[in-house]
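*Asks:* Structure incoming, see below.
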């Protein structure tokens, strides 16, 4: 039998936390392997509300530390990846029967001041009868508030962390479940099997970090044959996508009768993303889907506030994700903490660091603190480095995306503006690697519809572990929303026959 490949840190899970840990650790000089059983971000991390935010509603549950840390991270990430993260203004129509105005004002005051806000504008009060933001809102709502948060392309955030990890020397394995992990001589023997090829590999790792998200306890019990007193609480969150039904770049946040809040955000130009629900989930994470009751719930919440009424047939697409929240014993799924918790098991001198909970916004800090927990295992590793480091594509002067975008348009005068915008927003400073020297549209290869060309496909396969048409259409990009059914089918057929994937 071949000698196992050696590494310092073996990361299980290719969602945002796993990719973040792999990048952080590799940048400290550790030899890192990450294994993901499906595609990067295929689980929870591509099915979020796509916000980098402090979490305004968490203030009601007195999560002041969590909100403060998330607000601080919001600015860090805005600087690190201004191409995939950008500021958004949220309009909150005031509904007196749901929360008194003084309470909303207090929450927004705290939100403005808890995190040392530097870049984003503060809160302002709106007269919905006079201010243009009130135009689509029903006349019964006369007062509102406007505040700042940030938007993020969640699946690309994961992919860019994985790219960043690989550029620091990490090995990234997708569609590669860990089939077994056992302690041996103060370390771990980890066996993986590639689902596509059947190839098995064996690694000798000093330490495992379990970032399996909804599957974290499966890994603890069934893969590592370990135990933990901690647990996750699975909470299902569903979103719907509809045609955008208001003018303006602002988003809306509405209060529902059940005290939950619903985001109504501009999405992919001419669409709107509406969510989320919060429902305790008992099923397999792989099987999660938005049900009719949830879709009706979201439509009803929107129709309470807007003049234009959504109907079921307006729903273009829906998706659902399972949030693996740390089980803090709270009964109400909305009240369960969004904070993260580490559980370090050093049985036999072979450390297993299990990660419970967390949210997109705090992934970088989670990774950094996770590495602090392992400092005694790797005393020679480098120090913290990610706070001021751009993510791949985010190497943009002063994190000034607008100036960068103008330069990009000047660089590629032959490109339609929508295509320059698409490349700039997904790839940032790496756009030149996607274009790969092309001098005209024909140089980008086959055109699949919309702003979708062959050069982008080849880049994603070569640089971002895209293995299937679905990986590209739904996660590395959102082309599925901009192609006709016939165009999608034609691309899938072309991709399946092009033999691009080694």
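The backbone N, Cα and C atoms fix where each Cβ goes, glycine too.
Swiss-Prot lists these features:
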{"type": "BINDING", "residues": "8-36", "note": "FAD binding site"}
*Asks:* Including all protein chains shown, what's the count of other C-beta atoms within 10 A of the C-beta of residue 36 (FAD binding site)?
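*Replies:* By my count, 28.
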*Asks:* With an 8 Å cut-off on Cβ-Cβ distance and a minimum sequence separation of at least 6, pull the same-chain contacts of residue 24 (FAD binding site), or say none.
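*Replies:* Correct list: 364, 367, 368, 370, 371, 385, 386.
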*Asks:* Tell me the coarse DSSP state (helix, strand, coil) of residue 20 (FAD binding site).
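*Replies:* Residue 20 (FAD binding site) sits in a helix per DSSP.
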*Asks:* Taking every protein chain in this structure into account, which of the binding-site residues 12, 16, 32 has the most other Cβ atoms within 10 Å of its Cβ?
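*Replies:* The residue with the most neighbouring Cβ atoms within 10 Å is 16.
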*Asks:* How many other Cβ atoms sit within 10 Å of the Cβ of residue 8 (FAD binding site)?
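*Replies:* I get 20 for this one.
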